[in-house]
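According to TrEMBL, the protein has these features:
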- B:12-32: transmembrane segment (TRANSMEM)
- B:66-94: transmembrane segment (TRANSMEM)
- B:66-271: domain 'ABC transmembrane type-1' (DOMAIN)
- B:106-125: transmembrane segment (TRANSMEM)
- B:145-169: transmembrane segment (TRANSMEM)
- B:207-228: transmembrane segment (TRANSMEM)
- B:252-272: transmembrane segment (TRANSMEM)
- B:302-327: transmembrane segment (TRANSMEM)
- B:361-385: transmembrane segment (TRANSMEM)
- B:361-556: domain 'ABC transmembrane type-1' (DOMAIN)
- B:397-420: transmembrane segment (TRANSMEM)
- B:426-446: transmembrane segment (TRANSMEM)
- B:484-505: transmembrane segment (TRANSMEM)
- B:543-564: transmembrane segment (TRANSMEM)
Amino acid sequence: METRGWKQLFLLFGLAAVLFLAACGSSGEAEETEGTASESEETSGAGNSDDALIVYTNSNSDGRGEWIVEEAEKAGFNIEIVGAGGGDVTNRLISEKANPVADVVFGLNHMFFEQLQAEDILIPYAPAWADEVEEGINDADSYYHGLVKQALILSYNPEFVKEADAPESYLELANDEAFKGIYQARDDLGSATAKVIVASILAQFADPEGELGISDEGWETIERYYANGVQIPEGEDYFTMFASGDAPIGTMISGELAAKMEQYDTEPAFIHPEVGTPQVVESIAIVNGTEQEEKAQEFVDWFGSSDVQGAFAAEFNAMPANKEAEGQITDFQSEIFADVKPQEIDWEFVTENIDAWVEKLELEIF
Amino acid sequence: MNTLKSNWYRINPITVILSFFIVWFVFAFLIYPNVNTIYETFFGTGTFSLEPVEKLLRSDRAIGSILNSILLAFILVVTVNLVGVSLVLFTNYFDIKGANVLKISYFSTLVYGGVALNLGYKLVYGENGPITQFLLQLNPHWNDSWFSGLFAVAFVMTFACTSNHMLFLSSAMRSIDYQTIEAAKNLGASQFTILTKVVLPTLKPTLFALTILTFLTGLSATSAPLVFGGREFETITPMILTFANSSSSKDLATVLALVLGIVTIIVLTFMIRSEEKGNYISISKTKTSIVKQKINNKGLNVLVHIIAYVLFVIYSMPVLAIIIYSFTDSLAISSGMISLDSFTIDNYLLTFSSIEAIRPYLISLVYGFLGSFIVVAFCLLCAYLMKIHNNLLTRTLDYSLMIPWFLPSTLIAVGLSVTFNTGQWVVFNQVFTGTLWLLLFGYIIVHIPFTLRISKSAFFGVNQEVEDAAKNLGANAFYTFIKVILPIIMPTILGIFSLNFIGILPDYDLTVFLYHPLFEPLGITIMNATGNSASADTKALNLVYTVILMILNTLILTTVYGNWRFIRKRKRG
């Protein structure tokens, strides 16, 4: 009986080996890459294979990743995409600092890029298209450059909230009891969206004398904002709650809107606060320690160019930061951005303090 | 002293080499990377600082979360054991009509877990779920968000955490010698006396290990409190994860993890002491298979049947909900209302068109197979050494192997990838970051504590006399282990193997930091398709992936676990 058991086990083991080989072989087009990659793993352990450019991003969902790989191949680049959430990508880059796997990183917003720059993860490179990008978006020291603009627009669902009853700003949500329990106050502070909203509120109360650079009034406001708002439970989608009326006032992300609206058949009405609407820019940068710096530069030059960004914008309803790509912006995006006035936020001040703010919110306010 | 000497004399060179290997592995992969993290916390600024501790003590929320976690752990120990033992009695001990059907639903927690399981419960008990709608019809003033807070978390986790009972307590139950029950009957013992004085005590070593497991599961509960706890019932692990993701708050995460560690160590000390007191239950050499007991008391029999079928309904509903809703559109999923028009197979088509076919499945299957195979082999070795040499060294080993239990996998992953970024002398200057190895090590490390605890309890259930008999017949330790002990504990071992395997398949938290860019595992694929940044129909896709995983897991369980029992049965027959 034992021998039979062992035979089974060996059989399974053999099966696993076959599966593994199959897994290695199944990506026919990149066979050579795989070969070199596994060789280099065995010997030096460095992930940088000779020809594939490793690209980290948080912007590969909904077919974007596949699209980029395909288009890059047409342009002669062999790239591999590693996708994860913005925070995870940042942490992974930081923990791999001494032996980087990635060559290029894109899609993160400037809060993450500031953190990476501070950790010495990036090397500066001014791509050919740097001047085509709207002013004030690129890093002054050329560490990262803007690709896609996202506006985080406060909105309400007209099915459940009358225009006359709609709030004017985040501050009104916090200060007027009438909105208690009907607006979304996202507390997943690991996510970029929630952090930007916190920054948008707190930055209005900057006070050098106050705790962590924020006045007492600011802290009281954000405390009320979270106490009266509805949190999105794990596994729930903010747009589902917005569409179903569970929390019909919330923050929409411009780049996701088209797909969400179609899916839920819900049309949000936008609110344009006097202070403006927070905007973030997804950027691109080259990773310090890449063994293929030249190729990485070529890739950045190609990917950020007005042609590629324009095609990307047309395909995925994005808002390119490259002004030359404006011709290809979908009507939907231009309409959204037509009325949006960007909020003036001192990002240097925010990136310096955001971790401490999050810590205070988590420990004392939530 | 004499015995000690003779013990040392008996040690063979293989044992010595293996011991060195274990000590090296534990130091290199469990202690070295993690101590690094802890050191940074308190000495990060160059001087010893208790600032993070002070910060946490000042926070009501942090203290509340810690207390909630401990409270949940205690509640679960009671409720999970109660339900778990009942399930095992209903399927293996009492004669219940339709036990085979019941069994399928009781086993369901094995094939899905985590966020997916919570989603299933939410579909049933949530605001739009059938249970809530039913309660609303009974009482229109019923609060439709009644299913939240401590009650909901404890309810979901009670039924979610009985997998281990179904696997390991069942196999312990099956190995009870029926002659002992017959003997008790002949002596005139009542059914109740037999159950409490003969059957349950035999299960004690397994129950004990399961109790500890349950306690620690409750202590580190993550997804159920996030989904059902709301603001009023928060636990410690989600907080650790938030802080671990922020570079300047990492120290807080480490301190909270240390709190978990201290509680774990206290519980383990208690457990290891009790294990040492002796739980050597004899398994008869001429064993008679257990015969199911019909309950004599009519009223009691009816009551037991009712309970068994209520449990059946509780276990089946979330699984059915997941399967049904995976075939509906997003409107039906979010509103709970299903009409004939709601049914669609688009969700499935989307799943298979948006990913690069089946490659991630294959990669995860290979990692799952290798990872769980190696961790089981390693833990068997450690558990065996601990059994034959009970000394300071093996006790230290026991505690060291528990380290991954109180560090969230995110911290373990970061520790690994930071440490093995550069060549470390402890691993002969190999660099592991960016290789296929690192993720395999990660999977092995996080599954060590669970595997070891169950392996140990399995070993303690083996009759010492069987082993002695083999040795007296001239078998060496290795031969005895392979030919005598291993077959006895094989059902348990295969149980852990499949559980680890199933656990590795959809893992994201650990995987995301360690996977090789060219080999994307399933957890990453799922997250990319259903995560926050995805705008596709995330909930529907989640359900589809859950159904696919359920099928995969069932296949794994039946091939690994089912086959073995089939072979054994055939052999017997």
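Backbone N, Cα and C atoms are what each Cβ position is placed from, and that goes for glycine too.
Curation does not apply to TrEMBL; its annotations are automatic.
Owing to the predicted nature of the structure, the values given are computational and were not obtained by experimental measurement.
In this chain, the transmembrane segment (B:12-32) does not touch the transmembrane segment (B:302-327); fewer than three CB pairs sit within less than 8 A of each other, excluding pairs fewer than 6 residues apart. Residues of the same chain lying 6 or more positions beyond the ends of the transmembrane segment (B:361-385) and with a Cβ under 8 Å from any Cβ of it are 15, 18-19, 22, 25, 394, 397, 401, 439-440, 443-444, 447-448, 451-452, 455-456, 458-459, 481, 485-486, 493, 496-498, 500-502, 504-506, 519-523, 552. Touching of the transmembrane segment (B:12-32) and the transmembrane segment (B:397-420) is concluded from the presence of at least three CB pairs under 8 A, sequence neighbours closer than 6 excluded. Residues 68, 71-72, 75-76, 79-81, 83-85, 87-88, 91, 106-107, 109-110, 113, 117-118, 121, 125-127, 129, 131-132, 135, 203, 206-207, 209-210, 213-214, 217-218, 221, 224-225, 228-230, 232-233, 314-315, 454, 457-458, 492, 495, 499, 561 of the same chain lie 6 or more positions beyond the ends of the transmembrane segment (B:145-169) yet place their CB under 8 Å from a CB of it. Here the transmembrane segment (B:484-505) sits against the transmembrane segment (B:106-125); at least 3 CB pairs are under 8 Å, leaving out pairs fewer than 6 apart in sequence. Tertiary proximity for the transmembrane segment (B:66-94) is limited to same-chain residues at least six positions away from its ends with a CB under 8 Å from its CB atoms, namely 102-103, 106, 150, 153-154, 157-159, 161-162, 164-166, 169-170, 173-174, 195, 199-200, 207, 210-211, 214-221, 225, 233-237, 256, 259-260, 263, 290, 292-295, 304, 307-308, 311. By the count of Cβ pairs under 8 Å, the stretch nearest in packing to the transmembrane segment (B:106-125) among B:397-420, B:426-446, B:543-564 is B:543-564.
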